[in-house]
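Here is the structure we will look at, set down as structure tokens.
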Amino acid sequence: MADMQNLVERLERAVGRLEAVSHTSDMHCGYGDSPSKGAVPYVQAFDSLLANPVAEYLKMSKEIGGDVQKHAEMVHTGLKLERALLVTASQCQQPAGNKLSDLLAPISEQIQEVITFREKNRGSKFFNHLSAVSESIQALGWVALAAKPGPFVKEMNDAAMFYTNRVLKEYRDVDKKHVDWVRAYLSIWTELQAYIKEFHTTGLAWSKTGPVAKELSGLPSGPSVGSGPPPPPPGPPPPPVPTSSGSDDSASRSALFAQINQGESITHALKHVSDDMKTHKNPALKAQSGPVRSGPKPFSAPKPQTSPSPKPATKKEPALLELEGKKWRVENQENVSNLVIDDTELKQVAYIYKCVNTTLQIKGKINSITVDNCKKLGLVFDDVVGIVEIINSRDVKVQVMGKVPTISINKTDGCHAYLSKNSLDCEIVSAKSSEMNVLIPTEGGDFNEFPVPEQFKTLWNGQKLVTTVTEIAG
């Protein structure tokens with residue numbers, strides 16, 4: 001029931017966005033959402049993209065259903081908002097600074113909503129689908145790039161393929177719908193690249209003759225752009241802080257201003273000071289006086305006392321070690337040194353997430369292992385028939401006792417991979433990572449440590465780029 005309520009709320013927000021888009025007046029140069037008829041060619045071309053690969057992606061997502069369908073609706077909303085921005089750009093000149101940021105804000109917020117949905121549904125059986133979308137949805141941000149938006153979209157498409165390959169591997173021989181889903185989704189970004197190359201090679205093409213685009217009056221600002229009236233105007237400034245002395249202070253202030261208003265005549269009330277009353281001309285008077293007091297210090301605004309505000313207590317997620325379908329979930333474990341998974345099967349996978357200072361042993365033969373967002377994790381396993389992936393982690397140590405064909409290290413700082421004699425042919429694939437070492441067993445039972453290269457040199461040989469490892473003598 002709660003899931004249904006969440007879906008209804010998300011759909012209401014999406015409808016609110018699109019209604020606000022469609023009601024924005026062209027006179028304000030806000031987001032337009034007029035039909036393609038009469039639109040400039042690049043808006044018509046974008047409509048063709050929406051009607052073909054996007055429509056196919058939505059269709060396949062609906063057939064799969066569940067989280068995939070919900071996620072697709074969010075993506076569709078983002079594309080609709082982008083289409084509206086294209087209409088605006090075709091009619092208006094580009095605004096500067098913060099005004100441009102205001103126009104881009106709804107798209108940015110929708111991108112964040114897509115990413116957040118994946119983070120909130122890490123236990124979903126369609127997690128690879130959600131990850132493919134989440135890792136690439138930032139491609140919608142090409143409209144904010146001043147140069148080379150096409151390569152940026154390609155980079156996001158490549159990020160999606162990291163996860164779509166997993167989807168294909170899991171469903172290729174099981175359910176063709178998922179294969180078609182991958183094809184439809186990736187085609188959105190490949191066609192968007194071609195679209196950008198044709199119409200927006202050096203950035204979003206704005207009108208040269210229309211009025212300057214203004215801040216959106218039809219879309220309220222906030223963490224989530226939704227339906228509803230704009231926020232009320234700010235209230236009146238707070239009244240001045242009353243002083244503690246009450247009517248006496250008021251009377252004394254009145255008297256002070258009355259004296260000031262006298263102008264030059266105020267000096268008539270001053271008394272004449274004779275020489276015998278001046279300390280610099282009467283040494284006896286100077287000796288009688290005490291130490292000279294310094295005058296009042298210049299006024300400085302009092303510094304507010306900065307008392308450390310208590311930080312809101314971060315909600316600690318429950319620790320998990322459970323089998324969900326064919327997936328072993330090991331999550332949020334901290335300072336545990338004796339975790340063991342021994343009841344394994346060949347078709348099972350293990351997903352290890354947000355574990356800190358923890359040691360886990362996986363016995364038997366398993367399909368694949370993923371280590372995500374872990375710190376100071378020790379992982380020991382027997383055999384993996386697929387791949388061991390380490391993503392977004394720090395200080396991870398992995399030891400294979402049997403055999404593993406591939407170890408993938410991505411966005412990780414600090415990884416030690418201890419290989420067994422049966423896994424010396426293991427492939428180590430790394431990207432955006434540092435401090436990686438592979439340890440090879442010796443005859444005496446020890447290990448020899450070999451660092452994985454992190455620095456490369458690329459040269460053009462006249463026909464292609466040639467990349468070699470750069471060795472730094474130390």
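Yeah, the Cβs are placed from backbone N, Cα and C, and that goes for glycine too.
Here is what Swiss-Prot records for this protein:
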type: COMPBIAS; residues: 216-227; note: compositional bias 'Low complexity'
type: COMPBIAS; residues: 228-242; note: compositional bias 'Pro residues'
type: COMPBIAS; residues: 243-252; note: compositional bias 'Low complexity'
type: COMPBIAS; residues: 299-311; note: compositional bias 'Pro residues'
type: DOMAIN; residues: 312-452; note: domain 'C-CAP/cofactor C-like'
type: MOD_RES; residues: Ala2; note: N-acetylalanine
type: MOD_RES; residues: Tyr31; note: phosphotyrosine
type: MOD_RES; residues: Ser34; note: phosphoserine
type: MOD_RES; residues: Lys80; note: N6-acetyllysine
type: MOD_RES; residues: Lys286; note: N6-methyllysine
type: MOD_RES; residues: Ser289; note: phosphoserine
type: MOD_RES; residues: Ser294; note: phosphoserine
type: MOD_RES; residues: Ser300; note: phosphoserine
type: MOD_RES; residues: Thr306; note: phosphothreonine
type: MOD_RES; residues: Ser307; note: phosphoserine
type: MOD_RES; residues: Ser309; note: phosphoserine
type: REGION; residues: 215-252; note: region 'Disordered'
type: REGION; residues: 277-316; note: region 'Disordered'
Neighbour count (Cβ, 10 Å) for the residue listed as 'N6-acetyllysine': 21
Tally of residues which DSSP labels helix, strand or coil - the domain 'C-CAP/cofactor C-like' (312-452): 3 helix, 86 strand, 52 coil
Assigned conformation of Lys80 (N6-acetyllysine) - DSSP reduced to three states: helix
